[in-house]
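Taken from TrEMBL, the feature chlorophyll a 1 binding site applies to Glu100, Glu188, Asn191, Arg193, Gln205. What TrEMBL records for Arg105 is chlorophyll a 2 binding site. As annotated by TrEMBL, chlorophyll b binding site applies to Leu169. Sequence annotations record features per position, and here TrEMBL assigns chlorophyll a 4 binding site to His220. Feature annotation from TrEMBL assigns compositional bias 'Polar residues' to 1-16. Per TrEMBL, compositional bias 'Low complexity' is recorded for 27-36. As annotated by TrEMBL, region 'Disordered' applies to 1-36. Under the heading transmembrane segment, TrEMBL lists 101-122, 134-152.
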Amino acid sequence: MQTSSRPTRGLSSAFTGRSILPSAGTSSARRVSVAARAGNKTSPNYKLEKPNRLWEGGEIWFPGQEPPSYLDATLPGDRGFDPLRLAENDKFRPWLVEAELYNGRVAMLGVVGMLWVEVIGRGPWSTAPFRVDWVLPYALSIALFHLVYGSFELARWNNFKTKGETGALNLVPFDPLGLSSDYVRQSEVRNARLAMLAALGFFSQAAVTQKSPLQNVTDHIADPGHVNIFTSPVGKEALVTVVAITILPIYLETRKSLLPKDKQEEPFRPFPFLNSDL
């Protein structure tokens, strides 16, 4: 996990708040290390240096929605949207923003790898590992990978619990290239989210069509009317999901706006455990 001597860059929950457009010709300055001490633990400052000078634009993702009070346009990718109340707990929020950025970085590497396998003629990616002559037995190779990778993850977790940042092994903070400007952090979290969606799409395509991403695109372009998600074996499920995702936020916001303020219910919290401490 890459962090910085300045506040950890790119930290944001999957649905955190708003951002505001920068003035023309203005670039975000490098951050100054700011940390708050709580006992022996250092808690990094996750906020951007200039939250009123961000490049994304000030619109929220769901027009007409009132952003939660805990989203104040100071985190990268902050667009005032958190319908599941994931980032409500300020003590749990740092771990969630670390988790989003980490998984986003893995997804960015994974998406490039899945496409590259197909480009060099070794695709589809979902079956490529089984066509390789492994030096060690496949099962043993996977076990060793998880053992090594698990030790790295344990180090990251210990760093977060004791120092407030995950870092890289014992290097905390970790930012050898100095990539912690507001612009870079904004750009990273946006591309991380896109990569996670792309990876989910690649997994779904492989499970349904047993084909590679580029082959699926080629087939769709050749006959878009008959080769698409709604004509696939999971077409009905996809249609229901799209309709539900479209209607549910509208229903919740409409219901909220029609209720008198003195009768409005507590916000919907589907994950109560997020209201506890780590």
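In case you wondered, yes, glycine gets a Cβ from its N, Cα and C as well.
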Looking at the binding-site residues Asn191, Gln205, the one with the fewest other Cβ atoms inside 10 Å is Asn191
Can you check which residue among the binding-site residues Glu100, Glu188 has the largest number of Cβ atoms within 10 Å of its own? Glu100
If you measure C-alpha to C-alpha, which of Arg105, Leu169, His220 (binding-site residues) come within 10 angstroms of Asn191 (chlorophyll a 1 binding site)? Arg105
Of all the binding-site residues given, Arg105, Arg193, His220, which has the fewest Cβ neighbours within 10 Å once its own Cβ is left out? His220
For Leu169 (chlorophyll b binding site), which residues of its chain lie six or more apart in sequence with Cβ-Cβ distance below 8 Å? Phe152, Ala155
